[in-house]
């Protein structure tokens, strides 16, 4: 089942549990606005090339829309729609005053020089500058984009609207980016895991963790779990997979990856089949890579007791059912990986106030938001007698539905 179908299904189940009006339900699913623009740039050799850029703005009932911009060759409108909708529920679960959006350009950033990427980003910004804004829609980095991309958008946007650091988040620190933003999603995953384990009277110390994906989220999550005394016994990324039953020395693995660009031939562990990783014996499995990695083929063989979704949509709905029958507790993506958008919100707040926080304040506030959201989800689980995924969805959908009704959507 693709991302859009899965999100729609979860939304419908949540709206049934909440007893939402069917007209309101339909209204909440339809995106507020979808933008599609042509971006033509001269390449370095002087030839012209055209790309399609777009932005899906899903909902703004609770505040400005928020979501990433990805540069990826297969930017699929359905997936972007699903991810924009997911951002609406995610910001509501985290209780930050945003709605959802998502966008991107169908290009392969690896095939473009830095100056070509800059021209492309600036042309894209020129085309959408009057449809984004500090109180309208605030983009952020996603796959294939980074702090530099945000700096170009900020600069181009500011040519039209004056200096507006709050128009994007995930900026370089020197241009109003927030301390702690880099580690935020991984750190949020860790705070979420701690809140979940505390429910079961456990802490990270001595538990075994398997982490799929060693990019930004996976590497920060691994580092912080390791610091808290958790044993990370297996890690994988595109380059390969490493296991060590006594726990991998994460700082050493990070050094090795920094030096060699790969997890292969790491001295502090044995290499393993990356496909075996998800069904490896462990207490907590943390998928931080792509969507759809847990499906009906492998779900029955998962040995973890807890799954914490660092990635978006790592668990197929069919796998969801198999796993919950097995008694596996799944901490859903719309809560578990909300650390990134929460610290983006802190960055936006700092920019608007013109007053920057120190890193400890950022991390303490993030901890407070993640812990509070977990207890709100648990309350929803109790009142609707449902699992954590439905608890999070009912919490998010209910907040958006209430805001929409209060604002008067029928008028």
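Each Cβ is built from the backbone N, Cα and C atoms, and glycine gets one as well.
Residues annotated as substrate binding site in TrEMBL: 66, 90, 344. What TrEMBL records for 102 is active site, proton donor. What TrEMBL lists as site 'Important for catalysis' is 142. Taken from TrEMBL, the feature NAD(+) binding site covers 185, 216.
Each of the binding-site residues 185, 216, 344 was scored by how many other Cβ atoms lie within 10 Å of its Cβ, and the smallest score goes to 216. Between the CA atoms of residue 102 (active site, proton donor) and residue 66 (substrate binding site) there is a gap of 7 Å.
Of all the recorded positions listed here (66, 102, 142), it is 142 whose C-beta has the fewest other C-beta atoms within 10 angstroms. Cα-Cα distance from residue 142 (site 'Important for catalysis') to residue 216 (NAD(+) binding site): 11 Å (rounded to the nearest whole number). Ranking the binding-site residues 66, 90, 344 by the distance of their Cα atoms from the Cα of residue 216 (NAD(+) binding site) places 344 first. Apart from 66, 90, 344, the substrate site neighbourhood in this chain, defined by C-beta within 8 angstroms of the site C-beta centre, holds 67, 87, 91, 94, 96, 98, 100, 140, 338, 340, 341, 342, 345. Within the same chain, residues at least six positions away from residue 90 (substrate binding site) with a Cβ under 8 Å of its Cβ are 100, 333, 334, 335, 337, 338, 341, 396. Residue 344 (substrate binding site) sits 10 Å from residue 185 (NAD(+) binding site), taking the Cα positions as reference. Residue pair residue 66 (substrate binding site) / residue 185 (NAD(+) binding site) shows a Cα separation of 15 Å.
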